[in-house]
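Colleague: The structure under discussion is supplied below as structure tokens; questions concerning it will follow.
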Amino acid sequence: MKLRGLYAITDSQLLDDGRLLPYVEAALRGGARLLQYRDKSCDQARRLREAASLRELCERHGAQLIVNDDAELAARLGVGVHLGQTDGSLSAARALLGRQALVGATCHASLELAEQAVADGASYVAFGRFFNSSTKPGAPAASVELLDQARPRLHLPITAIGGISLDTAPGLIARGVDLIAVIHALFAAASAAEVERRARAFSALFETA
């Protein structure tokens, strides 16, 4: 599967009160190719249950599930994992999950971190925040010039994250970004139908790029 398109990331606060599964399915119907389950709570039983349900939805829609910051849960479910810089060893996650698993790495605004992630076995790297982010307002800012430097040096998919909207995504795609990671601009919606409409709009940006 080529890693290109909309990368949907869940948020436990945005998707509470029973919204998680219907909103995620709407995003998948709208064309999301990757889904990251991001839940920082300590309720292991709920996290396992929700992640298993999301895996079924992804399989149904031809997408791939990635678990944030929990290689053991990812291994249990046979899915991928995304690791931040403080979330543990990327090479250990690769060894645990196997050669075929998707393993992503947060690299903030650092090309050096990205090159190290590649050496450690990452499937893709994520740069950002590119714009003001509701999820991580204190994250280091990344510039579009970083993408110009990264594209010729990194021979694997590049993800952009951080406050990205339908208005700002085209400029990032034009700079060679393969995946646009979105949380609020996708899931902060009044209905599942609106989530699907937004997902289709994001996905369409890659068809014209």
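Easy rule for this one: first residue shown is 1, then count along the chain.
Glycine too: its Cβ is placed from the backbone N, Cα and C atoms.
So Swiss-Prot says this about it:
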BINDING   GLN36, TYR37, ARG38, ASP39, LYS40, ASN68, THR106, LYS136  4-amino-2-methyl-5-(diphosphooxymethyl)pyrimidine binding site
BINDING   ASP69, ASP87  Mg(2+) binding site
Colleague: What does the structure give for the C-alpha distance between LYS40 (4-amino-2-methyl-5-(diphosphooxymethyl)pyrimidine binding site) and ASP87 (Mg(2+) binding site)? Integer Å is fine.
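Modeller: Taking the Cα atoms only, LYS40 (4-amino-2-methyl-5-(diphosphooxymethyl)pyrimidine binding site) lies 12 Å from ASP87 (Mg(2+) binding site).
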Colleague: Within 10 Å of the Cβ of ASP69 (Mg(2+) binding site), how many other Cβ atoms can be counted across all chains shown?
Modeller: 18
Colleague: Out of ARG38, LYS40, which of the binding-site residues is least crowded by other Cβ atoms within 10 Å?
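Modeller: Selected from the binding-site residues ARG38, LYS40 on minimum Cβ neighbours within 10 Å: LYS40.
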Colleague: At the level of the C-alpha atoms, what whole-angstrom distance separates ASP39 (4-amino-2-methyl-5-(diphosphooxymethyl)pyrimidine binding site) and ASP69 (Mg(2+) binding site)?
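Modeller: Answer for this pair: 9 Å between alpha carbons.
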Colleague: When you measure from the Cβ of GLN36 (4-amino-2-methyl-5-(diphosphooxymethyl)pyrimidine binding site), which residues in the chain that are at least 6 apart have a Cβ under 8 Å away?
Modeller: TYR7, ALA8, ILE9, THR10, LEU65, ILE66, VAL67, ASN68, HIS82, ALA181
Colleague: Of all the binding-site residues here, ASN68, THR106, which one's CB has the most other CB atoms within 10 A?
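Modeller: Ranked by Cβ atoms within 10 Å, first place goes to THR106.
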Colleague: Got a sec? Which of these binding-site residues, ASP39, ASP87, has the most Cβ atoms within 10 Å?
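Modeller: Checking each of ASP39, ASP87, the winner is ASP39.
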Colleague: To the nearest Å, how far is the Cα of THR106 (4-amino-2-methyl-5-(diphosphooxymethyl)pyrimidine binding site) from the Cα of ASP87 (Mg(2+) binding site)?
Modeller: 10
